[in-house]
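**Student:** Shown below is the structure under consideration.
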Amino acid sequence: NENNVTEFILHGLTQDNTVAKVCFLLFLLFYVAIILGNLLIIITIKTSEQLNSPMYFFLSYLSFVDISYSTVTAPKLIYDLLVEKKTISFVGCIAQLFAGHFFGCAEIFLLTVMAYDRCIAICKPLHYTNIVNKYVCVWLVAASWVGGFVHSMVQTLLAIQLPFCGPNEIDHYFCDVHPLLKLACTDTYIVGVTVAANSGVISLSCFVVLVVSYAVILVSLRTRSSEGRLKALYTCTSHITVVVLFFGPCIFIYMRPSTTFSADKMVSVFYTIITPMLNPLIYTLRNGEVKNAMKRLW
């Protein structure tokens, strides 16, 4: 298809210079916290002999995905808050779109895998080590990466075949499918439905698996002692919190037709920056084993 656009102009997060300077300092601190917090979790898990269960194996990969996912958008956002003209090349835009959906979808699958892990650990504790062994863990993580890649390739191929022949201003702080569909010089109804279906099926199916997993956990806890119920619920609370913080904004953005709202930018900030920053705090503040391992590490 004909494409006369070589670069896109991003509107960024805000047009107010004063607000932009405040946001620059704020998001710079957020990004540093993301890198240091998630790196600390990875190093702690890799160096601790006590944190060798599948739950921590998955958690270390979740931290790696959080670092990668936020790096797709955060550095560009932070830089653009200081410059007047915010541009990104066509190739850079497509690359950002691909990487964002790749790591974002991989995180969705990882969170689903972690829910499955908790379900087996609580409902079948005697068979847990046989069902979720190291071989299975590696395959589940690999499947998450492959699933993210396939999803991202579909989204990218749908976007890259669109013709862009005039308007090149994106009302966002990063390249995503919905804003690009608004700029295409053709009817994007079919592509928009396909994009929504692709993202929607993944988000909805994984969310259903998560809900079913925790429903099974709650049902199984009825036969446990009060102490056993509290311990199991305490273990799951951290994961449920992360799921709600990540899935809520993602469902709002991607499980709808190809439309954009004024709130999209702020909602996107939440799942691309805020949630990756909060994940280390959520998992460490509510997990005595991780906190003790960190103390030994220091």
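Cβ atoms here come from the backbone N, Cα and C positions, even for glycine.
These came from TrEMBL, pasted as-is:
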DOMAIN    37-283  domain 'G-protein coupled receptors family 1 profile'
TRANSMEM  19-43  transmembrane segment
TRANSMEM  55-74  transmembrane segment
TRANSMEM  94-116  transmembrane segment
TRANSMEM  136-154  transmembrane segment
TRANSMEM  201-221  transmembrane segment
TRANSMEM  233-254  transmembrane segment
TRANSMEM  266-285  transmembrane segment
**Student:** State the residues, same chain only, that lie 6 or more residues beyond the ends of the transmembrane segment (94-116) and have a CB under 8 A from a CB inside it; answer 'none' if no residue qualifies.
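**Tutor:** Sequence-remote neighbours of the transmembrane segment (94-116) are 55, 58-59, 61-62, 65-66, 68-69, 72-73, 76, 88, 140-141, 143-145, 147-149, 151-153, 155-156, 159-160, 174-177, 180, 202-203, 206, 209-210, 213-214, 239, 242-243, 246-247, 250, 271-272.
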**Student:** Take the domain 'G-protein coupled receptors family 1 profile' (37-283) and average the pLDDT across it for me.
**Tutor:** 86
**Student:** Among 19-43, 55-74, 136-154, 233-254, which stretch has the highest count of C-beta pairs below 8 Å with the transmembrane segment (266-285)?
**Tutor:** 233-254
**Student:** Same chain, outside the transmembrane segment (136-154) by at least 6, Cβ under 8 Å from its Cβ: which residues?
**Tutor:** 54, 57-58, 61, 98-99, 101-107, 109-110, 113, 116, 194, 198-199, 202
**Student:** What else in the chain is close to the transmembrane segment (233-254), if you only count residues 6 or more beyond its ends and a Cβ gap under 8 Å?
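**Tutor:** Distant Cβ neighbours of the transmembrane segment (233-254) are 104, 107-108, 111, 114-115, 118, 121-122, 178, 196, 199-200, 203-204, 206-207, 210, 214, 217, 221, 264, 267-268, 270-271, 274-275, 278-279, 282-283, 286-287.
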